[in-house]
Amino acid sequence: MNADGRSRLDQLPEWNALAAHRQELGDAHLRDLFAQDPERAERFTLQVGDLHLDYSKHLVTDETLRLLRELARATKVTELRDAMFRGEKINTTEDRAVLHTALRAPHSAVIRTDGKDVVPEVHAVLTKMGTFVDRVHSGEWTGHTGKRIKNVVNIGIGGSDLGPAMAYEALRAYSHRELRFHFVSNVDGADLHEALRGLDPAETLFIVASKTFTTIETITNATSARRWLLRGLEAGQEAVAKHFVALSTNAEKVAEFGIDTDNMFEFWDWVGGRYSFDSAIGLSLMLAIGQDHFREMLAGFHLVDEHFRCAPPEENAPLLLGLLGIWYGQFFDAQSHAVLPYSHYLSKFPAYLQQLDMESNGKSVDREGRPVSWQTGPVVWGTPGTNGQHAYYQLLHQGTKTIPADLIGFANPVADLPPKLAAHHDLLMANLFAQGQALAFGKTSEEVAAEGVAPELVPHRTFPGNRPTTTILAAELSPSVLGQLIALYEHKVFVQGAIWHIDSFDQWGVELGKVLAKRVEPALTEGAAVPGLDASTAALVATYRSLRGR
Ligand code: F6P
């Protein structure tokens, strides 16, 4: 039993019904499912805002979908969803509300947590960000020596890097091209070194993005950046105010670092790191695309929030995508999920989703701390489509693993592409459609043989098909569409965590490594003894020291 008196997932009749249904479905092939139902493509399509979502190439029937929705009902997904939107503390292990949806709620909304309406402060920070962005764009905000800002360096890691870096890339076509953006995350000094190469400190603004403002990678990079700035300007601490701003929940630590808290853009503990880029963490993005486009993006998020909150289960896209993932993970033993954008601008989207999904649902105990006996979050991976086709798609088509994939594409190339380059677009999208087709329907041995292929080569040239994909299309990759797309995945991850009965909003799994790194570092630098260090790590440390000539 769960704390609320419900049976555990694997004891539910709805779970067992799905297992039995999987047996019945056996090797049913998409070729036959389509042949039996001429309406399938049309029926298994949803429109959510600007997103056109085709899920007809999934290994499901109407009965599968009905049983999956029954599972969602039995596991009270909508009840947890409503509790999240109401601001209840559904992140129980950290005793926190989960209110990223409040970051994109309209001014008129009232969303309370701990008795306080959070919407006014969300909008106050957005206004403060907008004012700052306008001042930088107009040249009213200058560096210490009076020079205009030309370079923006975002220093952050995890959710304080991946979101803004991904969205900057995605919306480059909307960006102020006269500003140059750099995203520094890795504690490897090479990252900062390469980002700062050739930059004039007098024209450089650092945005230190850290929810906690204690993350060692970020503080180390920010400290080195400050040293670079002050040396370059031959100035004292007073120069920091014009070149450093902070995005954080922790005013005390920001002040301790030496950044004026007037130059701090706040957010709150009810915003998880991986759900934070539409908070103040999006400042670098807002600097790139301007506040109007940033607000359009927030409106896109909100549109899908409302869809998730209000659409009936049969038409609820995040619910559907979450359920499909559970279907493959549990009943097809799928271990991973590929995200394949047919858009160069979405090249960082899979990496962004890795944190969103894997940090949220990479858990093996349930909300009551008991081990789960079912699959939880998949390994999420991917790269832009056509590049992947010439690398790992071989395995997708003919390997032994079931890997559900999302194919994401846009009808129009971005507006500022020169006509000759925009003309590539049909070829790009033809590849997306061809891959979905090949993965689903394959090529039978009869078809191969009929082409006159030598019999011994027929098995090698046969494509089994039946590889499930979702196709997501939109007219173009606009700020609003990006917001819609991200909210779709955020809520998909939510649905899965709700069904698996895990806490999708904590990340205790990242702690141990941080603690051990702190303990090991003095052994590397000073040769200090680390009590209880295992033999393998001790030998590696000794080898490292000797290779470094220590
Ligand atoms: O790796 C753990 C983590 O806490 C992430 O969840 C978070 O996005 C990242 O580190 C950065 O944290 P912060 O914004 O506090 O520096």
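Here the Cβ of each residue, glycine as well, is placed from N, Cα and C on the backbone.
If you check TrEMBL, you get these features:
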type     : residues : note
ACT_SITE : Glu359   : active site, proton donor
ACT_SITE : His390   : active site
ACT_SITE : Lys514   : active site
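The Cβ neighbour count for the residue listed as 'active site, proton donor', using a 10 Å radius and every protein chain shown, is 22.
Ranking the active-site residues His390, Lys514 by how many other Cβ atoms lie within 10 angstroms of each Cβ puts His390 at the bottom. Cα to Cα, His390 (active site) and Glu359 (active site, proton donor) are separated by 29 Å. The residue listed as 'active site, proton donor' sits 15 Å from Lys514 (active site), taking the Cα positions as reference. According to DSSP, Lys514 (active site) is assigned to a helical segment. For the recorded site, His390 (active site), the DSSP three-state label reads coil.
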